[in-house]
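Here is the structure we will look at, set down as structure tokens.
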Amino acid sequence: MKYKLLQLIFILILINFTQQSKETDLLGYKINQYQFLNDFLEIASNILSDFVKTSNQKAYASKDHVYQETSDFFCSACKLTVDKLTEGSTLRKSFENMIIQSSSQICSNYLLPQEVCVGIASEQVPIIVQSLWEQYVNEDYFCPSNGYCQPVYEVIDIDELVQDILSDKPKKEPLIPSMNNTFKFIHWADIHTDQEYKVGTKAECDQVFACCREGSENASQDEMSAQYWGTKAYCDLPERTFVQMIKFVEKNLIDDIEFAIWTGDNTSHDAWDQTPEENIANTVQQTQDILEYLPDLQVYPIYGNHEVHPVNGYNYEEGAENGLKKLFSDLWQQWLDEESKEQLRKKGYYEQIIDEDRKLKIIALNTQSCDLFNFYLLRDPTDPDNMLQYLRNALMKAEEEGFGVYLIYHIPSNSGCYNIYATVFSAIVDRFSYTIRGQFSGHTHDDELTIFYDRDGEAVNVNWIAPSFTSYGARNPSFRVIEADIETLQIVNIHQYRLDLDYWNQFTDGETQLEWEKVYDMVSEYNLDNIYDYKNIDLLRQRVGTDQNTFDKYMFNNLSGNYESDGEINYKMSCKMYSTNKLIAECDGEEYQETLQEVLAGPWKKKIEN
């Protein structure tokens, strides 16, 4: 039975991925064509989940844990047996090969071309198997879960942790911007250029995840083809479109811009056929482009889940990602001070003062620590690298010194993060909501926002999620300019810029100067009194779920201008603005169901102190 369950792990996670990621709508459609495959995988997933949950209850101590009497002799014998069985890597490697073969076969039989399936399996399965092996096939888990030893770890009570975080929340009067003076900065998100982009190739191809590129067939007259500046399909952008955007900023906006934030995901979506060097090549090129055309612009960057290799796979074992962290620290050294550069090199995240006089600093987080598809977290999802604890400490210091903070990161807490992480992160945001003057992320490719609430249900903070620059998923290339009050540092408006691809693809002359249109400012677009009083954003959320005109306008912007109303309101879009997946489910009248990854990774835990 265990062998069969292990064979299912990879394909189950692949299906789980397709159900959650907008990047895989076509794959999800293919899966739905095979009802027997859906049914089989759902049954297998439930069996596996029940098995793991039952084992965890025995393996980890908790408030409700019932201790059973154990024998020192049998405990020692169990530990010795497990140690002998797990010596070397032969057994684990045999599992890896078995799963790669079986999952690749199922995938290629029903879902995707063989080279895509083999590529994904070869990259991700070793991480999955290694992580689960280290999580479950060791004496500290196996022996307690089978009743031979007492638990070595205890579950961290998340409710108690949240209460601890909020226990010293100060009462502060809301900040009211004077609006006498403001400053502006740019947000670039999800650039995703493709160095193999090729005009005339199929925009709808067998590879599904990445089309419009070298290796794809040329499109016939009846087929959608790759266009010169970009294509509204599952295609990334040619580098020339990014350069045009930088030139547009230089020509039209730079005089009013104080700095830029850049929240990651810069490479193309052919994740099954990439190398570590290819995954960071676009970031290197885009950094050079920015330095060439905007040499005096201060930029605060952080990487996303596509910069790591394989995609999503960031290993938190000590020293494992030293090369990647050093690369980014060196690449961005002209924008980072010595302390921030060293912090990025050592930890993968950093903080830096933006303006000492205004008392403004930025904290850039590495959200691979919450990524559901970072399968290294299956080993242990407990606050990887202690980043959330660092965030608490950094915000406490900022509070004591009177600084306001902008948080930048790639993955929003409600869009592909472990729910436990999102719950703890949301509590930290609530606790330091006065100090956090703005949050900015990307990842979803959509123009949207996340609202954070306090224990009384009052909106206390917002994450402004920028739409993607890439056209991937049928979007128009976008970026935004954010306006903030100089005195309070509160965000007072968001100015959205969008390129009309359908129009500009008429002009294929390399000398053409593309023009991004300012399509809205947030306050006017949604008829808001202001956006610094978060009650107004909560009211907007309610209107999106109840008012047809507001819903249609929100969806048109959400999809970067690629939306036609069907006269119906999808209430789930208003629910999506909550900060955790559990809250989203509750808003939609559903009970939250843990993802397979969350079940396999298990709870947050700590070693029992003797």
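Even glycines carry a Cβ here, placed using N, Cα and C.
Annotations in TrEMBL come from automatic prediction, not curation.
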TrEMBL annotation, Zn(2+) 1 site containing Asp190, His192, Asp265 - matching residue among His445, His495: His445
Further Zn(2+) 2 ligand in TrEMBL, beside Asp265, Asn305, His443, within candidate set His187, His410: His410
For the disulfide-bonded residues Cys117, Cys370, the one whose C-beta sees the most other C-beta atoms within 10 angstroms: Cys370
Predicted model, mean pLDDT over the domain 'Saposin B-type' (71-153): 85
Nearest-integer angstrom distance between the alpha carbons (Cα) of His443 (Zn(2+) 2 binding site) and Cys212 (disulfide bond): 21
Residues within 8 Å of the Asp265, Asn305, His410, His443 Cβ centre (excluding the Zn(2+) 2 site residues themselves): Asp190, Thr263, Gly264, Gly304, His306, Thr367, Ile411, Gly442
Cα-nearest neighbour of Cys211 (disulfide bond) within the listed binding-site residues, Asp190, His192, Asn305, His410, His445: His192
Output field, Zn(2+) 1 shell: CB within 8 Å of site CB centroid, site Asp190, His192, Asp265, His445 dropped: Ala189, Ile191, Asn266, Gly304, His306, Gly442, His443, Ser468, Phe469, Thr470, Tyr472
Helix, strand or coil at Cys417 (disulfide bond) [DSSP, three-state]: strand
